Amino acid sequence: MASDAEPGRRRRCCAQDTPDAPKVPDSRGDSDGSRRGSLCDRHCAAINNVQGDLGDLGCHLHRPRVPPAMSTPSCYQQHSEEVCESCVVKTTLTAENAVEANKLSNNYKFGFKKWKSHVTARPWEDRSEIVKELYSDLNVIRGSGGSMLTCGNVLYLLLFGWWLSFLYVLVAAMMFVTVIGAPYGRLCWDLAGYFLWPFGKVIQKVEVPKSHQTCKAGTGESSALLGGPTPRRWRPQCWAGTGYWHRASTVVWLCLGYPVLALAHGLVCVTAWLLIVLIPVAKLSARAISRVLLLPPERVLIRRLKMTEVPLEGEVILCCYRAANPYYYKYAVDGINVFAVNLLPLVLVTLVLGYADSPNHLTGSAVKFTLALLSIMPLSYYIGMAIASISAQSNFAVGAVVNATFGSITELTFYITALIKGSREGNRCYAEVVKSALTGTLVGCVLFVPGLCMVIGGIRHQEQRFNSRSAGVSSALLFLSVGGVFAPTLFSKVYGKLVCGECHNVTQNPLGHYLCHNCHFDLMDNNGTLYYSHVQPLVYTVSILLPAAYLIGLFFTLKTHTHIYDIHVSDCHMPGHHHSAVVHWSRWRALVILLLSTLCMSACADLATEHISPILTNSTISQYFIGVTVLAMVPELPEIVNGIQFALQNNLSLSIEIGNCIAVQVCMLQIPILVLFTIFYPTNFTLVFSDLHVYASMFSVVLMNYIFMDGKCDYFQGTVLVMVYFILLAVYFFAPSPSGC
């Protein structure tokens with residue numbers, strides 16, 4: 001959910017690993033020529049089979065470190081006489097400041113949350129013209145930008161323009177009736193035409209000439225110094241010398257006209273902001289409330305722009321050309337994406353409605369469950385950004401602790417509240433739903449997340465490459481974790497006693513075939529000897545070994561074998577573009593937001609589990625399907641968006657790592673924590689899954705490892721993963737509900 005593109009990711013060709021070596025800036029136009037002229041670049045391209053889109057990639061030379069006295073401060077250095085002795089593919093990242101560099105480096109660390117958005121404010125000159133236009137005020141007069149008859153402008157006319165203009169006409173008539181408010185009546189009449197179609201028109205705040213500030217009785221002619229006639233609204237009275245807020249007409253306007261129009265513009269502003277693509281209309285209405293309608297009528301001038309016309313001297317208040325801009329999905333407020341900003345009021349509505357309307361007088365359980373589930377999405381975004389902000393501004397130890405503590409808080413909050421409610425009601429369905437959600441998260445992050453990123457990234461890039469060694473570490477941990485998680489299930493299948501609810505003889509022969517229903521392996525036979533003496537100790541053993549394996553993986557990738565990721569964050573910037581870090585959220589602010597978001601997440605999870613029972617009872621859809629889809633993937637939507645953005649930037653390694661890390665954390669952290677929780681708070685949760693969960697998980701992990709074997713992929717392989725995921729969803733959809741539900 002980024003407001004702008006991530007700094008360019010480059011590959012460099014080097015003979016020695018010199019962190020302070022200069023680096024050629026990334027440029028689509030100029031870098032191609034330099035790459036073609038470099039022998040080392042051609043050698044690197046041949047070795048690494050570089051093809052397709054290389055706009056963000058390039059091979060750069062490294063020379064041995066030279067003394068500071070001999071080195072030049074510029075990042076633009078020529079390497080025409082150098083020849084590369086050996087090519088080693090490395091990933092070089094560029095960042096505007098140290099905080100952003102730390103965030104980019106954390107993205108490649110195993111166990112750290114991958115975050116696409118910036119945690120610091122980007123320098124204005126480094127942004128594209130498209131993004132600059134998003135943040136510009138509607139007070140700039142540009143040249144002719146083409147026809148004003150666009151789909152967005154017509155949409156404004158149909159949604160807001162006609163009734164807003166009609167309202168201005170009514171207010172103008174009301175002000176004329178008061179007589180004393182006639183100047184505001186003429187202003188509203190002119191604004192009625194403006195807000196009907198504001199495109200290509202300008203509202204200016206003009207200065208009243210001195211000749212009109214000291215006018216005498218009978219003076220009505222224009223001054224020769226003006227070179228033209230006096231604007232019509234200046235002629236009736238000479239008000240510039242009197243106090244504006246003490247006029248009788250101003251009092252009438254503020255009591256009768258302004259509140260009605262301010263309310264209408266406020267409604268337009270909120271509606272346009274929620275639609276996102278119409279944010280320019282929201283800016284238009286906000287400026288009308290705060291500036292235009294509070295100016296004296298004689299200071300407001302409305303005119304239509306012409307290509308050959310020279311604008312009058314004076315401040316431009318409003319000048320709008322387009323009502324809609326599809327790029328506003330990149331818009332951010334204080335570093336927060338506009339989608340997360342718009343969904344934040346939904347959290348407040350959910351909490352107020354959920355706890356104030358406990359008897360369900362206003363809405364039913366289905367509506368409250370849906371609102372609670374949707375509220376988890378923005379809260380997951382805020383938790384993710386807070387974790388990324390704290391990690392980027394802290395040392396490695398603090399970042400590792402924060403990621404390990406709060407990285408899975410979204411899912412664990414829901415799982416624990418569901419298990420508590422199931423234990424209080426004595427309902428086994430909640431434990432089965434939690435198991436389905438765990439399996440759905442595992443399968444979705446192994447198949448759907450990387451598959452979708454491959455498809456979307458493959459549409460822009462013909463073939464994408466990724467670090468197969470780092471993906472291999474995650475794959476090995478996945479094999480280990482899946483084997484450990486499902487070991488108690490396989491043990492129970494081998495030694496458990498098969499018990500069936502109903503059996504019917506279909507052949508009417510005592511020795512014939514029997515058809516049985518509701519069959520399961522009973523682990524509590526002989527007073528639970530098998531479970532308490534064999535299965536439960538195995539569960540505890542696995543729950544200890546899996547977190548230990550996770551810690552070993554962290555030590556392996558972050559300490560002893562950091563070269564697997566081969567990440568170099570460059571501190572080389574373009575001349576004149578050195579910037580200090582201006583963080584969006586300080587560490588204390590991020591910590592407060594993290595704690596508040598976690599608290600709200602707990603409340604929303606409590607509401608979701610409180611109102612899921614009628615859905616599980618009355619729905620004709622299998623509880624398996626509800627768990628593996630809605631409950632599993634909705635909290636992961638911010639991560640999916642991050643993965644897609646990385647894939648579009650040709651950084652598929654991070655897209656794959658997002659899914660793998662979540663899947664590994666499900667097996668190696670979340671499930672052991674749930675087992676630990678059941679020790680202190682007994683619930684119906686046992687680490688014995690259904691056959692469908694076992695087969696789906698194992699097949700997904702095997703298929704993922706097969707696809708990722710060669711370190712490159714395209715949209716076809718992504719399509720295969722997505723299609724297999726949908727096939728598994730179809731199996732869950734038609735599967736019968738678990739026994740006891």
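Yeah, the Cβs are placed from backbone N, Cα and C, and that goes for glycine too.
Curation plays no part in TrEMBL annotations; they are all automatic predictions.
In TrEMBL this protein carries:
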REGION    1-37  region 'Disordered'
COMPBIAS  23-37  compositional bias 'Basic and acidic residues'
DOMAIN    151-201  domain 'Inner membrane component'
TRANSMEM  154-177  transmembrane segment
TRANSMEM  251-281  transmembrane segment
TRANSMEM  362-384  transmembrane segment
DOMAIN    367-487  domain 'Sodium/calcium exchanger membrane region'
TRANSMEM  396-417  transmembrane segment
TRANSMEM  437-459  transmembrane segment
TRANSMEM  471-491  transmembrane segment
TRANSMEM  538-558  transmembrane segment
TRANSMEM  590-609  transmembrane segment
DOMAIN    590-732  domain 'Sodium/calcium exchanger membrane region'
TRANSMEM  621-641  transmembrane segment
TRANSMEM  662-681  transmembrane segment
TRANSMEM  687-708  transmembrane segment
TRANSMEM  715-735  transmembrane segment
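Across the domain 'Sodium/calcium exchanger membrane region' (367-487), DSSP helix (H, G, I), strand (E, B) and coil residues number 105 helix, 2 strand, 14 coil. Within the same chain, residues 411, 414-415, 478, 482, 627-629, 631-633, 636, 639-640, 643-644, 646-648, 650, 652, 655-656, 658-660, 662-663, 666-667, 670-671, 689, 693, 696-697, 700-701, 703-704, 713-722, 724-725, 728 sit at least 6 positions outside the transmembrane segment (437-459) and bring their C-beta atoms closer than 8 Å to a C-beta of that stretch.
Most Cβ pairs within less than 8 Å of the transmembrane segment (251-281), among stretches 154-177, 396-417, 471-491, 538-558, belong to 154-177. If one looks beyond the transmembrane segment (154-177) by at least 6 residues along the same chain, the residues whose Cβ comes under 8 Å of a Cβ in the stretch are 184-189, 191-193, 195-198, 252-253, 256-257, 260-261, 264-265, 268, 271-272, 278, 281, 323-324. Counting residues per DSSP class in helix, strand and coil order gives 117 helix, 2 strand, 24 coil for the domain 'Sodium/calcium exchanger membrane region' (590-732).
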